[in-house]
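**Q** Submitted below is the structure of interest, expressed as structure tokens.
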Amino acid sequence: MAFPYMEAVVGFMILVYFFETYLDLRQLAALKLPTLPKTLVGVISQEKFEKSRAYSLDKSHFNFVHEFVTILLDSAILFYGILPWFWKKSGSFVVLAGFNEENEILHTLAFLAGVMIWSQITDLPFSLYSTFVIEARHGFNKQTIWLFFRDLFKGICLAILLGPPIVSAIILIVQKGGPYLAIYLWAFMFVLSLVMMTLYPVLIAPLFNKFTPLPEGELREKIEKLASSLKFPLKKLFVVDGSTRSSHSNAYMYGFFKNKRIVLYDTLIQQCKDDEEIVAVIAHELGHWKLNHTMYSFIAVQILTFLQFGGYTLVRNSTDLFRSFGFDTQPVLIGLIIFQHTVIPLQHLVSFGLNLVSRSFEFQADAFAKKLGYGSALRGGLVKLQEENLSSMNTDPWYSAYHYSHPPLVERLAAIDESDKKAD
């Protein structure tokens with residue numbers, strides 16, 4: 001008797017849902033606390049705390065509904081054989097269009113087109129509610145319904161433009177890869193990631209946002225001086241018009257080798273009146289670069305990608321696995337989808353481990369900025385970002401350990417203050 005892979009996958013998906021719902025309930029209880037954590041008393045105003053609490057509770061209630069609908073749909077699609085049914089229907093569509101159903105690339109593209117349409121239909125109500133109800137209610141949403149759908153249309157066009165050649169290449173590699181399939185797949189994805197990281201900020205990101213050079217002035221001079229002191233090869237310093245869509249703020253850097261760029265959200269500049277706080281946030285980001293966090297993360301992703309492809313090559317020819325999910329044939333894309341579902345337990349463990357590493361990196365980057373003399377400014381900058389983004393002030397330790405890639409503000413401030421005490 002064949003092992004019931006599909007039933008096991010659905011069962012584990014439901015177990016994960018119950019576990020994550022338990023964590024959500026713990027977090028909900030923390031969000032309902034009427035007082036600030038002791039560390040934030042006198043740091044965060046009561047008015048900001050009340051706004052943050054209301055915003056977090058709204059998002060939490062929305063998340064309960066979204067996650068319930070998601071697990072319901074995902075479980076039904078697997079349990080009732082909708083996936084193999086949809087694969088057969090996409091093959092019929094290929095024939096109807098006058099092409100050969102046996103052409104796996106065309107069959108797969110037709111299948112993905114249907115999946116994309118289904119995803120847009122099921123996700124759209126949640127996206128609209130999140131953006132135009134929750135975000136708008138709390139003063140964050142700045143985009144019009146026209147801009148929302150224009151971005152959606154651009155995203156679909158990019159998927160139509162970039163998806164087919166990538167999918168076709170993956171199918172051909174799997175069909176002709178032989179014993180070195182895992183190496184070929186990893187090499188292709190490695191090159192693709194480098195190409196996309198190069199093209200995204202230059203060709204794709206400008207389709208959605210406007211990037212302008214940071215004007216000459218004291219802020220620019222301070223950031224350039226900081227970058228120079230660390231030998232950071234800063235080539236361009238941009239401001240992005242994040243305020244056209246949201247009043248949330250952020251800053252990030254990107255680029256390869258000697259061609260680095262820093263991007264500041266215009267909302268960050270508007271919210272942090274003190275230039276030193278913005279420079280301190282940049283010092284934190286440069287800490288990630290100086291301490292090689294970005295390189296370590298990239299290497300970790302490459303290793304995990306290779307291991308995933310290695311695992312896929314071991315199960316791709318398992319007829320029992322495909323039959324358990326209702327498939328008589330063994331299409332490449334379906335094999336990848338099934339494999340991703342079967343390694344869900346490992347994915348959750350790996351994700352948890354990566355979060356722990358990421359949180360450690362954040363503490364290290366904070367300490368790096370503090371050593372540069374930005375301790376007080378960083379503290380003020382973190383508080384300002386927390387206030388303006390209405391981030392959760394009270395967090396459940398289990399929930400944050402499982403979900404957060406960044407430590408809560410309370411922990412980051414405590415770490416900064418602790419280093420002060422040690423210095424004293």
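Cβ coordinates come from backbone N, Cα and C, glycine included.
Keep in mind that this is a model prediction, so the values were computed, not measured.
Sharing the feature lines straight out of TrEMBL:
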ACT_SITE  GLU285  active site
ACT_SITE  ASP366  active site, proton donor
BINDING   HIS284, HIS288, GLU362  Zn(2+) binding site
DOMAIN    28-210  domain 'CAAX prenyl protease 1 N-terminal'
DOMAIN    213-418  domain 'Peptidase M48'
TRANSMEM  6-23  transmembrane segment
TRANSMEM  68-87  transmembrane segment
TRANSMEM  155-175  transmembrane segment
TRANSMEM  181-203  transmembrane segment
TRANSMEM  294-312  transmembrane segment
**Q** How many neighbouring Cβ atoms, not counting its own, are there within 10 Å of the Cβ of the residue listed as 'active site'?
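**A** The residue listed as 'active site': 18 neighbouring Cβ atoms within 10 Å.
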**Q** Cα-Cα, whole number of Å: HIS288 (Zn(2+) binding site) versus ASP366 (active site, proton donor)?
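**A** Distance (Cα to Cα, whole Å): 9 Å.
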**Q** Please indicate, using numbers and ranges, the residues of the same chain that are 6 or more beyond the transmembrane segment (68-87) and have a C-beta under 8 Å from a C-beta there.
**A** 6-7, 9-10, 13-14, 17, 107, 111, 114-115, 122, 126, 325-327, 331, 334, 337, 341
**Q** For HIS284, HIS288, listed as binding-site residues, tell me which one has the smallest number of other Cβ atoms within 10 Å.
**A** HIS288
**Q** Measure from the CA atom of GLU285 (active site) to the CA atom of GLU362 (Zn(2+) binding site) and give the result in Å, rounded to a whole number.
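**A** That separation, Cα to Cα, works out to 9 Å.
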**Q** So if I exclude everything within five residues of the ends of the transmembrane segment (6-23), which remaining residues of that chain have a CB under 8 angstroms from its CBs? That is, six or more out.
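**A** Distant contacts of the transmembrane segment (6-23): 64, 67, 71, 74-75, 78-79, 324-326, 341-342, 344-345, 348, 396, 398-399, 402-403.
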**Q** For the recorded Zn(2+) site formed by HIS284, HIS288, GLU362, which further same-chain residues have Cβ atoms within 8 Å of the site's Cβ center?
**A** GLU285, GLY287, HIS293, PHE361, GLN364, ALA365, ASP366, PHE368, ALA369
**Q** A 10 Å Cβ contact count, applied to the recorded positions GLU362, ASP366: which residue has the minimum?
**A** GLU362
**Q** Express the distance between the Cα positions of ASP366 (active site, proton donor) and HIS284 (Zn(2+) binding site) as a whole number of Å.
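**A** Just about 6 Å between their Cα atoms.
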**Q** Within the domain 'CAAX prenyl protease 1 N-terminal' (28-210) only, compute the mean pLDDT.
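**A** Result for the domain 'CAAX prenyl protease 1 N-terminal' (28-210): average pLDDT 92.
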